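The next block holds one structure in the form of structure tokens; read it before the comments.
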């Protein structure tokens with residue numbers, strides 16, 4: 001496993017008198033024995049050991065030179081290049097010629113690397129097609145077939161076909177794929193559902209978790225844990241029986257809870273935080289604390305404006321990417337200033353709701369298999385998590401779920417992430433009713449629901465609306481009997497996407513929905529992307545439920 005399994009702290013060692021090193025806040029007691037600054041890469045089962053390295057690991061100062069020089073407009077381009085020869089030979093050649101007066105960095109890169117392949121398709125959008133027809137015709141365009149592993153490439157080969165989001169994203173992404181699968185099921189593409197189910201199970205078997213995406217530079221983190229929701233979808237659609245995935249679900253759970261048994265109150269390790277009352281909740285995390293390969297220059301620039309140690313900023317930027325909400329006011333100490341990012345100090349409401357679903361799924365499938373002890377254990381875990389969420393993340397005064405700043409011991413900002421407890425059935429009916437009132441008054445627009453009520457310039461904030469948030473809100477409110485609000489969000493979102501499609505003949509990653517006139521969503525570290533996997537998936541599912549807009 002790469003950068004995933006760190007030696008658990010020995011409980012006996014925690015009792016030894018040692019000098020504690022406080023980093024900004026005494027609540028997170030970081031023992032040197034407990035957390036390493038950067039875990040060493042370990043061999044990934046099924047891959048050559050040399051392929052466990054990221055491009056930044058491999059090319060060292062050459063990587064930094066290329067990214068600093070901005071010879072490609074997108075920082076993701078160079079990490080996605082494949083070397084034409086052994087990387088060590090490339091690095092040796094670079095060190096020999098880099099100080100020559102006539103050295104041309106771009107030519108050097110072009111001579112020694114294959115640039116990322118631009119996927120060519122014969123598909124041309126037909127303005128006469130309905131939205132449903134357009135989406136169904138896009139599935140083959142966004143499908144990638146399995147291929148042999150390219151030596152020293154950052155791309156991790158998968159055994160089966162998969163869907164990519166589109167645009168700059170030429171690999172599969174974990175939580176994106178669940179929402180894409182909703183549409184595949186509606187389109188009758190059980191073949192692709194089976195392939196993607198096999199791929200995610202394979203990744204859990206080989207890496208111990210589902211990484212952010214199938215790139216080496218994504219292996220040090222995951223994304224929102226939605227595999228339990230995928231398994232539920234497979235069962236509903238008759239693609240695969242849920243029982244066959246029980247071991248995979250347990251393995252994913254072990255990844256998210258690693259180190260929990262050794263923590264004392266007010267202490268954190270990787271993804272787990274032991275709260276003051278002894279309960280366990282989770283946070284987003286990345287095992288590396290260096291600039292992201294795919295956004296290297298952006299991360300370096302952000303750290304320069306932080307005032308905090310760069311490695312802390314890098315860790316929090318990476319953890320923000322693991323959240324899927326990269327980036328949002330949710331993770332910022334000062335809204336509107338990315339350099340104030342503090343992702344690892346927040347207990348996110350959506351993450352803990354997804355983990356509640358995972359615990360519940362393990363209990364339910366264990367019951368089907370007659371494993372009574374496992375069922376009882378995980379029902380207790382799910383119940384304990386719900387109780388802890390209600391104690392720390394439920395704002396009873398305002399009737400909303402909020403993230404919790406565990407180091408400052410205070411509630412954080414309100415966002416559309418608050419609807420995830422409804423989607424996974426973790427809330428009670430009073431909480432659902434009160435949350436519905438808050439969403440109506442604070443997030444609902446004629447175009448759908450906003451990611452948050454704060455306008456910061458980050459892409460997961462106002463004025464943007466995102467397909468997965470619409471879907472979870474629609475289904476969540478309807479699950480608790482509020483069909484009126486659920487239907488209103490659904491029809492508003494369908495109208496937004498269809499109106500934009502009629503004008504632009506394309507589907508996009510996010511939409512500006514704050515003023516009732518759908519436009520391209522802004523913000524973020526990269527240009528708006530077309531495609532787009534999860535938008536297609538959610539809209540195709542909604543068309544099946546509500547008809548063409």
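Backbone N, Cα and C atoms are what each Cβ position is placed from, and that goes for glycine too.
Copied from Swiss-Prot, the annotated features are:
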{"type": "ACT_SITE", "residues": "326", "note": "active site, proton donor/acceptor"}
{"type": "ACT_SITE", "residues": "509", "note": "active site, proton donor/acceptor"}
{"type": "BINDING", "residues": "168, 175, 176, 212, 221, 222, 223, 292, 293, 294, 324, 525", "note": "substrate binding site"}
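Sequence features, as recorded in Swiss-Prot, placed on the structure.
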| residue | record | DSSP (3 states) |
| --- | --- | --- |
| 168 | substrate binding site | coil |
| 176 | substrate binding site | helix |
| 221 | substrate binding site | coil |
| 293 | substrate binding site | helix |
| 324 | substrate binding site | coil |
| 509 | active site, proton donor/acceptor | coil |
Taking every protein chain shown into account, which of the binding-site residues 168, 221 has the largest tally of Cβ atoms within 10 Å of its Cβ?
221
Measure from the CA atom of residue 509 (active site, proton donor/acceptor) to the CA atom of residue 324 (substrate binding site) and give the result in Å, rounded to a whole number.
13
Spatial separation of residue 223 (substrate binding site) from residue 326 (active site, proton donor/acceptor) - C-alpha basis, Å:
11
How big is the Cα-to-Cα gap, in Å, between residue 509 (active site, proton donor/acceptor) and residue 293 (substrate binding site)?
22
Other than its own, how many Cβ atoms are within 10 Å of the Cβ belonging to residue 324 (substrate binding site)?
22
Name the residues of the same chain, 6+ apart in sequence, whose Cβ is under 8 Å from the Cβ of residue 176 (substrate binding site)?
165, 533, 534
Sparsest-packed among the recorded positions, when each Cβ's other Cβ atoms within 10 Å are tallied, from 293, 326, 509:
326
What is the Cβ neighbour count of residue 223 (substrate binding site) at a 10 Å cut-off, with all protein chains included?
24
